[in-house]
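To keep things clear, I will list the structure first and then write my remarks on it.
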Amino acid sequence: MTIAADHRTDIPAEAAKNSRRRLPATERGTLGISVATFSVLAALWLVATKYHWVSSLFFPSPDEVVRQFVDVATFGYADGSLLDHVLSSLGRLFAALLIGVGLGIPVGLAMGINRWARGVFSVPIDLYWGLPPLAYLPLLIIWLGIGETSKIVLLTLSTFAPICFSAQAGVRSVPPERVNAALSLGANRAQIFTSIILPSALPEILTGLRIAIGAGLSTLVAAELIAARSGIGYMIMSAANFLAIDVVFVGLIVIAVLAFTFAFLMRLLERRLVPWKGKL
């Protein structure tokens with residue numbers, strides 16, 4: 001008796017097959033709407049700046065932003081090239097995500113399975129998760145210094161909670177009849193966890209990871225605005241101090257592109273790992 005074989009029933013397989021058949025048309029429709037929305041926003045931006053509905057000092061035109069992007073990418077800004085700032089920000093984010101995922105998934109799974117773990121961890125996580133990350137950044141700087149450690153700890157705290165809560169929710173959403181069926185077939189706890197609980201919780205875990213990436217990006221930029229000597233947030237703050245609004249727009253566009261790229265990659269990962277999600 002193999003629980004893994006029992007778990008992969010015909011329903012998820014059929015749903016996955018159907019989702020792969022229907023997905024291209026759905027994605028094409030969504031892509032068309034997205035392109036149309038972007039085109040309308042870009043046209044409004046161009047018209048507003050061309051006819052001086054807004055001051056160019058505070059709202060540069062698209063061509064000015066493009067020229068400034070080329071200049072920043074070529075010559076750099078704020079003591080570093082654009083690539084250096086991007087890599088600096090991504091390094092902090094990936095380090096925090098690695099720690100947040102490594103701690104958040106086990107703790108969340110434990111909270112979903114064991115009431116003692118839930119009692120120990122739920123209150124502290126709820127208390128700190130309700131606070132804005134920048135509220136305790138000054139404390140982290142005092143305790144850990146203004147270097148990389150304080151920023152990575154801050155980002156880890158911002159990514160840990162959504163991953164943890166999503167893993168817990170995934171475990172709690174496992175249908176009891178699946179567990180009971182496995183027990184009646186003689187499965188032990190390890191088999192139930194690896195073949196039923198973990199696969200069933202995976203969609204929620206991936207959703208939590210998407211939320212954590214978004215929270216990490218927003219916290220990253222905010223932290224770099226205050227306590228950094230490199231990174232996209234630092235570049236934006238340096239430009240704002242000199243009213244270089246076109247450079248600020250360059251930084252915002254880079255952040256938006258990074259966020260879009262992460263969201264796109266997460267959708268691909270979900271399609272690969274949990275193709276039945278939302279289809280059953």
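Each residue, glycine too, has its Cβ placed from N, Cα and C.
Tertiary neighbourhood of the transmembrane segment (29-48): same-chain residues 54, 59, 61-62, selected by CB-CB distance under 8 Å and a gap of 6+ residues from either end. The transmembrane segment annotation in TrEMBL covers 29-48 (among others).
According to TrEMBL, the feature domain 'ABC transmembrane type-1' maps to 86-266.
Same-chain residues lying 6+ beyond the ends of the transmembrane segment (93-113) with a Cβ under 8 Å from its Cβ atoms: 121-122, 152, 154-156, 158-172, 193, 197-198, 201, 205, 208-209, 212-213, 216-217, 220. Residues annotated as transmembrane segment in TrEMBL: 93-113 (among others).
Look at TrEMBL and you will find 125-146 (among others) tagged as transmembrane segment.
Long-range contacts of the transmembrane segment (152-171) within the same chain: residues 92-93, 95-97, 99-101, 103-105, 107-109, 111-113, 118, 121, 125, 128-129, 133, 136-137, 140, 144, 197, 200-205, 207-209, 211-213, 215-216, 219-220, 223, each at least 6 residues beyond the stretch ends and with a Cβ under 8 Å from a Cβ of the stretch. The feature transmembrane segment is assigned by TrEMBL to 152-171 (among others).
Annotation comment: TrEMBL describes 208-228 (among others) as transmembrane segment.
Here TrEMBL flags 240-266 (among others) as transmembrane segment.
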